[in-house]
């Protein structure tokens, strides 16, 4: 008797099912948006495709990029969760909701039909009852009429007979209606019993089973909702473990070593600044009115070391412009005597003014311009094939990388040649498979490529051995120079090389016939380096760049400084002009004893 309430309950169950399906749909959208945002974040911070040389090598950078990859995989798992929920939960709920609505509609229609049929039976029974009641009343009236006429003495016999016939008719009709009412009543009672004990319970049972299946489906969807998340937990755990491993892979010492390897040039560090004694010409002890020349015999300047001092001097952007100051002459100073007969030197106004102005305007020079010159040469043109424009250490690394790449290419060509030879043998044994002569051009090309690669490898290995030999020689020389500097207090040359030859350092005043700018040169402690060998130009060199020295083919020059691994050798002409020339353009011959040459 609660058909309407069951109708409402089943409708609420379907509404709740659709409400949960809407919840799952919104959760899917959240997962999809979350995965999309994670992928966009990874894409934003992932490095763009860069050349091989610019790939990150630091462990911290590599770890971060590994974390980004793991996060990208994590975003993929969130997409898997959304897809699994959409397919297993949301899609299943929507299909089941449609089927549930159809089944509920059918059961409710059957219930309504049963109720309508019972109502129809009740109406038929009620109509027969009312008709039987009406006929009974008519029969009672006919009986009363008959009895009244039968007792009435004035009534005629015909009236009595007529009343009797009417009574019999009404009694007969009442009996018929009674029988019909009894049949309808029996039929209604049977249908009512069938309705409440068979039909409606069956319909309610079907509705109950439907509602229970709905509840079971919700339970399965709840479980599937959780399983969708639980299935990806192992993979997500691996992603998180990958992030932890990436964090543990960070090695600060390795990163520091990479920085050292990346920026290590292999150049020698600059030496100490030399002491520039500006007072040696002021407090010179001389006799009254004359210049003490006998002391100059023991302190004579080596003419070889003073040749081309002024005009052959090298600076970063050419020769240093110097003001032409008047030379010191014997008449430029005189002596004065004190009352006790002692003498002290007195300079004239011009030399003192010259010395003081030079002291005021002179700027301290950097002992070594080698690194600046090399950096300047690197800016002059494109990179050279032998990487001679790079510092020694970087040049060695580049050459080693190129040799490794060439070896890999050579291995590929070798494998290709072996494959072609095997294929040719197969064709020769089985001509129907192919023409052996068709492989000859490719085989010839492969052999040519192998020869070319071997030549390239040989050439680069020669350059590499040259660089490694020079680096080792420079290391030995630097070690020896450091020992000489500490033990013998050797003098540092302006370009960062050392010498322990005491005869090469001027310890007295310049001679009278010295160059007018010689005093200024000595004042800056820029004596020319001694020759350590000679070289012959194999190719001509124009020397357009600042600090370089032009030379002709076959020209012989003095070598005053070896190649430090940058591809440049410092040389001097016979006229004293100095500059750098390419090492690959000359044939160098060094003296056996280059220190005192």
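Start at 1 and count along the chain as shown; that gives each residue its number.
Cβ coordinates are placed from backbone N, Cα and C, and glycine is handled just like the others.
According to TrEMBL, the domain 'F-BAR' annotation covers 1-255. Positions annotated as coiled coil by TrEMBL: 122-166, 396-430. Per TrEMBL, domain 'REM-1' is recorded for 389-466. Residues or ranges marked as region 'Disordered' by TrEMBL: 472-531. The compositional bias 'Basic and acidic residues' annotation in TrEMBL covers 472-482. The compositional bias 'Acidic residues' annotation in TrEMBL covers 519-528. Per TrEMBL, the feature domain 'SH3' maps to 530-591.
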The domain 'SH3' (530-591) - residue tally per DSSP class, helix then strand then coil: 3 helix, 29 strand, 30 coil
Secondary structure content of the domain 'REM-1' (389-466), with strand meaning DSSP E or B: 72 helix, 0 strand, 6 coil
Predicted model, mean pLDDT over the coiled coil (396-430): 88
